[in-house]
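According to TrEMBL, the features are:
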- B:Lys206: active site, proton donor (ACT_SITE)
- B:Lys106: NADPH binding site (BINDING)
- B:Glu191: L-homoserine binding site (BINDING)
- B:351-425: domain 'ACT' (DOMAIN)
2 protein chains.
Amino acid sequence: MSIKIALLGFGTVASGVPFLLKENPSKITEAAHDRIEITKVLVKDDDERNRLLAAGNDYNFVTNIDDILSDDSIDIVIELMGRIEPARTFITKALEAGKNVVSANKDLIATHGKELIELAKDKGVAFYYEAAVAGGIPILRTLANSLTSDKVTRILGVLNGTSNFMMTKMVDEGWTYEDALKTAQDLGYAESDPTNDVEGIDAAYKAVILSQFGFGMTIDFDDVAHKGITTITPDDVAVAQELGYVIKLVGDVREVESGISAEVSPTFLPKAHPLASVNDVMNAVFVESIGIGESMYYGPGAGQKPTATSVTADIIRICRRIKDGNVGKPFNEFVRETKLANPADVKSHYYFAINTPDKKGQLLRLAEIFNSEDISFEQVLQQKANGTRARVVIITHSMSKTQLADVTAKLEAVEDFQVVNTLKVLGE
Amino acid sequence: MSIKIALLGFGTVASGVPFLLKENPSKITEAAHDRIEITKVLVKDDDERNRLLAAGNDYNFVTNIDDILSDDSIDIVIELMGRIEPARTFITKALEAGKNVVSANKDLIATHGKELIELAKDKGVAFYYEAAVAGGIPILRTLANSLTSDKVTRILGVLNGTSNFMMTKMVDEGWTYEDALKTAQDLGYAESDPTNDVEGIDAAYKAVILSQFGFGMTIDFDDVAHKGITTITPDDVAVAQELGYVIKLVGDVREVESGISAEVSPTFLPKAHPLASVNDVMNAVFVESIGIGESMYYGPGAGQKPTATSVTADIIRICRRIKDGNVGKPFNEFVRETKLANPADVKSHYYFAINTPDKKGQLLRLAEIFNSEDISFEQVLQQKANGTRARVVIITHSMSKTQLADVTAKLEAVEDFQVVNTLKVLGE
């Protein structure tokens, strides 16, 4: 006997699954209590099939999903195609056909996860997706199994390898955003349209999924504010370094009294913070909780083998649960009513870079505006006066998102002030 | 209905369990599918019981283990007394009485784990000990569940908070070993007899347990070479910094062709290595594997709440398995025949600090000795000549433990050479 699986898609990640089955057979077979056998692989069309066969891939390639859905011998369907369609339709049909499903598709799970999780529950089958967040880092299962006794208060994550590679170059080498993007594209880290990576959208998908496992709440993707790294200038990076910070694109999910808030934004991290030394394409998830206190989970956020390792761990778990007769247990059992935080409760320190006229009294004008919103300064730097314009950098004490919106509106209403950038600052 | 547990011991860690049950009741109860109730607490004698009662602790304190063993309503016994005896006897009796057992006792598990694991298996009960390695870091369950698809090739860990606090002070502040120890003792991190922490014994216990979960092999404690931090001088620290390294006490378990090797030793870590920024009392486990590649798990290695969080996660897992009817499953199912590596296969770069006479030709003499053992130099620094003695620092290319022993013997046989220190260097 063996457990029979089908792969939907045979791209980079999918071909990592056969790699693991071949390189680590005895451990995987013993853990799964059964041999795992890839019996069918769905590809787009005959051309792709012929190309893969010609390249020496010895699988039963099919081009119609029904060949998999109607095959009763297949226990688990592995979706590794990415994007929303046809993945959504295929997963839905597989669950409806009573198949267990493993997916690494963060876009889909963040936007349509609720209906798929519900469907899997109705059908009494498994729907697991460890690889959807931070690729090789086993963060979802760890939150579900090991932090089950703990109460998570905040999750901070470097969740996108492409933008982290770019920020590392911008911070360590002083590169501009444009240079960093070009190199990321040349190295194959960034796509020709890099929007999802550089605008924080990919990280926001992951923040949605982390909110479920960490806080038991399903925040809608549209409720995750995201701000990308496109506006970061060498000036911002240099000021951060001068003040003892490193700028990274950080996903931030936290619970305050009124509910949870999730956002992705470039963030000033104190140099001694564990996330500050997560560099290049690596990811990390930093968890604050009442029990453990502070813990961090670090590893590759993408890539063939890391992602396939998470996918295969999901497959093994399903095999074991099939034997145990409890395969219908949800991946994440921690569910509470979702409550969004009141922005007035969500507080951070902030960095403001403001251009002002280069004449006397500007700092007083700024101080009056911040003071009118009850915001006080932690650090102020006046820089780069050129006789016409000056640049003032302010790090504030803790202030709310409401105060942030209000003070930004007031600053922007002043004709001769220009708010160049506003970034969150993680307090020490 | 509720799941009834008994605590053996009511020290710092043990009282963290009631803290979590009180602060996080709904999540824990839902995860366990049942309320967890502490029904009995074993203390040493009537004096301790009276003292605890007087301090307002409202538990059923007992002074005889038989009161717990003979109580059929108790499902899980939590051993948090530490040391070998009476913990070993009590756990053995509890397992024999058909109780599930959770322990955080690394000393005991590293030295007598095999017999206890075997007994639990015979009795069909659970014996879990997540908290025994790196306190709050959920590393054992992560290795067992998430890295189950992966093949681990090396585990490097900062596994002892006390010595890491001391090394952090020695590296960042230039303190001597003696100053660091005194402060660690003043802060309550180090005991009056600090041997287990500073000589690497505590870390070696953890390396034994990591070898089971990471490699499926049970290495005997006596086969874990351990070298402590007592011989590290400010000179060693300064040279390390000059060459781009940080010295930390590192546990190192790896598999080479002939088998596994485990050792604990002060190690030169490249500054960019993720373990190099693990500071103060924090711990981290860095895993190299064929699937994920590199991952790291970071958090507090000790302390009341972190340890209690791991203990409570074990309790929840047992509760769930009781419901599922498979509580007898071992904590770690990955077991292979234990093979110890041939020292000739275990290779590292090494740092040598050698005092020589301060006269011409010493480097040539050293080079001849290293060359006779087929060891080549990566970096050489000649330091501190004072007209009588000079100090030469060598970083070698990769060499085996056999070569290390041979060259050290040869160096020590030369009357006017003095080998001041020899430390492992992690290659970039």
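Keep in mind that glycine also has a Cβ here, set from the backbone N, Cα and C atoms.
All annotation found in TrEMBL is predicted automatically rather than curated by experts.
Worth saying up front: this structure is predicted, and the values here are computed from it rather than measured.
The structure, with features from TrEMBL marked on it.
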| residue | record | DSSP class |
| --- | --- | --- |
| B:Lys106 | NADPH binding site | helix |
| B:Glu191 | L-homoserine binding site | coil |
| B:Lys206 | active site, proton donor | helix |
- Message: If I take the alpha carbons of the residue listed as 'NADPH binding site' and B:Glu191 (L-homoserine binding site), what is the distance between them in whole Å?
- Response: 17
- Task: Give the number of CB atoms, excluding that of B:Lys206 (active site, proton donor) itself, located within 10 Å of its CB.
- Result: 27
- Item | Integer Å distance between the CA atoms belonging to the residue listed as 'active site, proton donor' and the residue listed as 'L-homoserine binding site' | 19
- On the DSSP side of things, how many residues of the domain 'ACT' (B:351-425) fall into helix, strand and coil, could you say? 24 helix, 32 strand, 19 coil
- Highest CB neighbour count within 10 A among the binding-site residues B:Lys106, B:Glu191? B:Lys106
